[in-house]
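Residues or ranges marked as transmembrane segment in TrEMBL: 7-25, 45-68, 162-179, 194-212, 224-247, 259-277, 289-306, 318-337.
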Amino acid sequence: MPWLPRAALLWDVVLGFLGTAAFLIDLGADLWAAGQYVLSGRYLWAALVLALLGLASVALQLFSWVWLRADPAGLHEPQPPGRCLALLHLVQLGYLYRCVQGLQQGLLVWQQEASSEFDLAYADFLTMDISMLRLFETFLETTPQLTLVLAIVLQSGRAEPYQWVSIGTSFMGISWALLDYHRALRTCLPSKSPLGLGSSVVYFLWNLLLLWPRVLAVALFSALFPYSVALHFLGLWLVLLLWVWLQGTDFMPDARSEWLYRATVATILYFSWFNVAEGHTRGRATIHLVFLLSDSILVAVTWSTHTNWLPSGIPLHVLLPASGLCFLLGLALRLAYYRWLHPSCCWEPDRVDGTRGFRSLEGLQLPHNSRMTRLAQNFFPRVREEEAALPRKEEVNGVL
């Protein structure tokens, strides 16, 4: 195999290892913070940290388990028996099992002198599932944890070393998930377009710059009105859940698990933009941006009249202008990305897997991750609508 492909495969393995390490470091930082809160007698803060960890972990295991059950029998061979897999997910290790499985497959492909198309396609299949799970974990656990620790710091007026570690690992986890998800989406492009460094940097920056003012607004509101923020979140979450339902999402293999996906997307939309359906994307994105901006402004007006409740020393005169500048810069980068860096695709019926044909040179059917392909079709516009081909509901995920 030429040096460049082998180097690219090794780089994929390294990225997978770093992503798993970032998840474990972030988990360790949150558990450290929870332990410190218990030792200092702040049991409510510890309970909130552990509750966010627990709820996000349960949702992640449910996604992983439902997807494994929906995949065709024999696709993931060899793998542990069904009861062992169920036990792994029950003890909240399903996501880590997937990460280890992805790393093993990546190393297998890298070590081969001539990697088979099936092994390459299967490695892509596993990587795409891991990227989706990592993104869901980011907005179900990492972003709420970051909001919580910022609220605690603002309420107490000081930051302990373990809180700085938690803030740093949260930003690291969010950054990694955004870049990894964008990279996985680009893998699904029918044109086999390589991931450009410029487009990745701009995509990452506009997401992070628009996310930061939202997180700060909710954190300040939580610091001033800790009992009202739950009602605020629940009210907006129900509105966003209704909006997602009205868009007719069809992502999960059955109707019951589809509500888990809708609830997760509603949580993501509380903090950031996430496209779940094709057509009129610009209009939906504008509606969401105006809705979130209006809510953040109302929240800002509410707590700006009660800033005297915060401890002295909180540099609001610096934080607020900086947040406004971040929002404007993020909005400008978002417009620039969609104007010049966002590719348009012609999704053809025989190339929806985005990387290879239906059969390898060995005559084997290639794994096809229709879940990520469907998200990519929602994310990337079509050049010619008449040539587009949506995955059918009855099309099984796994092989074509």
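Just so you know, the numbers here start at 1 and follow the chain as drawn.
Backbone N, Cα and C atoms are what each Cβ position is placed from, and that goes for glycine too.
Please treat TrEMBL annotations as automatic predictions, because they have not gone through curation.
Using a cut-off of 8 Å between Cβ atoms, the transmembrane segment (45-68) and the transmembrane segment (259-277) share at least three residue pairs, counting only pairs 6 or more apart in sequence. Among 162-179, 194-212, 289-306, 194-212 has the largest number of CB pairs under 8 A with the transmembrane segment (259-277). Taking every listed stretch (224-247, 289-306, 318-337) in turn, the largest tally of C-beta pairs under 8 A with the transmembrane segment (194-212) is reached by 318-337. When Cβ-Cβ distances below 8 Å are used as the criterion, the transmembrane segment (289-306) is approached by residues 213-214, 217-218, 220-221, 223-225, 232, 236, 273, 320, 327, 331 of the same chain, each at least six residues removed from its ends.
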